[in-house]
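Quick look at what TrEMBL lists:
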- 163, 164, 165, 166, 217, 218, 219, 220, 221, 222, 223, 224, 225: GTP binding site (BINDING)
- 299, 304, 306, 312: Zn(2+) binding site (BINDING)
- 116-275: domain 'CP-type G' (DOMAIN)
- 124-273: domain 'EngC GTPase' (DOMAIN)
Ligand SMILES: Nc1nc2c(ncn2[C@@H]2O[C@H](COP(=O)(O)OP(=O)(O)OP(=O)(O)O)[C@@H](O)[C@H]2O)c(=O)[nH]1
Ligand SMILES: [Mg+2]
Ligand SMILES: [Zn+2]
C-alpha cells in the first residue's frame, strides 16, 4: 500500500515536471513567434515538411528562388500536428526561420499508436509503404501483418523488403524462406536486397522512382543504411545492433524526407518496438488480410467470429490450405490485442 502511494506521488511529480517543461517550451515558442510576426515576413507560399522536432518543423521551400532551401519553422497557434510529408502554407522570416500558417489537406496518412495508445500520424502523402525486415534482428511475421493491415486501412500500397540478404545462412534460411513464401503466395511484391553489398538495390531504386515512399519496420533492420546506399550524398545516422539482445538500438529518432534526383521522395522513419493497432476495428483487421476477402460474408452465421463456429468459411479455407496457418494465427493475435469493445 505504502509503495503504491509512493508511486502515485512519484507519478504526480513526474507529470508536474513534464507539464511545467511543456508550458515553458510553449511560452518560448509563442515569444519566438511574436518576434517573428512583428518583423518582416515574406509572402505566403507552399512548402514541404521534411522533418519535425517537437514543436518546430523543418520546411523546404517549394516555390520561387528559395525553392529547395530549408527553414526551421514555428507554427501559428491552433494548427494541427504536422508530420513529415505534409504540404503547408508558410511565410519565410529572417535567418532561415519561418512561420507555418496553414496545413494543406493530406492525400494519405500513415498512423500508428504512440506509447500511450493514442493514434499519431507518422507520415503524410506517401503512396508506398516499404515494410523492411532482415534475418537479424529476427523478423516477426505478426509485425509485418500489422503493417499490412495498416497499409490497407490507409489505402497505401505495400512493398515487402528483406534487407541484409548477405546474412542469410544455413541456420536461418529455412524459416526465412517459409515466411517469404507466405507473402509471395498472397501476391505481395517482395524484394531481397543488401544495403551493404548492393545486391538488389537497382531493382529497389526502380520500385521507388517517382513515388513518395516511407521505410518502416523494427529498429536495426537497416532502413537508414538503405537510404545511405540509395542516396550516397545523404549520410544519415546508422547504429549497431545491441550485442546483448540482437535488437536495434533506436538510432533514428525522427522521420525525415529525402529527394531522389530523378523525382520521388523517400521518408526514413524511426524503428519501433511493437506496432499496436488500437485504432482499427475488427472489420478493418479482416479487410487487411487479402486472402479473406472472397470468403467474408460466406460464413453460416452473419456475426461469425471465425473461432470454432460451424459453417465458417474461413475455418474451412484454413483446413483446405487456402488460408495459411501462420496468417490465421496472426489474425487471431491481432484481434486479441484490440481494445475490448472492438473485439
Ligand atoms: N550485414 C548487413 N548489415 C546491415 C545491412 N544494412 C544495415 N546493416 C547494419 O544493421 C545495423 C542497423 O542499421 P540501421 O540502418 O541503423 O537500421 P535502422 O532500421 O535505420 O534502425 P533504427 O533507426 O533504429 O530504426 C547497422 O549496424 C548496419 O550496419 C546489410 O545489408 N547487411
Ligand atoms: Mg534508422
Ligand atoms: Zn467465420
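Don't overthink the numbers, they just go from 1 along the chain as shown.
Placed from the backbone N, Cα and C atoms, the Cβ positions cover glycine too.
What TrEMBL says about a protein is an automatic prediction, not a curated fact.
Using CA atoms as reference points, the binding-site residues 163, 165, 217, 225 were checked against residue 304 (Zn(2+) binding site), and the closest is 217.
In the vicinity of ligand 2, defined as a Cβ distance under 6 Å, the following of the binding-site residues 221, 223, 306 are placed: 223.
Taking DSSP states H, G and I as helix and E and B as strand, the domain 'EngC GTPase' (124-273) has 50 helix, 31 strand, 69 coil. Annotation for residue 221 (GTP binding site): same-chain Cβ neighbours under 8 Å, separated by at least 6 residues, are 132, 133, 134, 137, 163, 164, 248, 271. Predicted-model confidence for the domain 'CP-type G' (116-275) is 93, expressed as mean pLDDT. Here residue 223 (GTP binding site) is compared against the binding-site residues 299, 306, 312, and the shortest C-alpha distance is to 306. Contact annotation for binding-site residues (163, 217, 225, 299) versus ligand 3: 299, each with CB under 6 Å from a ligand atom.
Counting other C-beta atoms within 10 Å of each candidate's C-beta, the binding-site residues 163, 219, 225 are led by 163.
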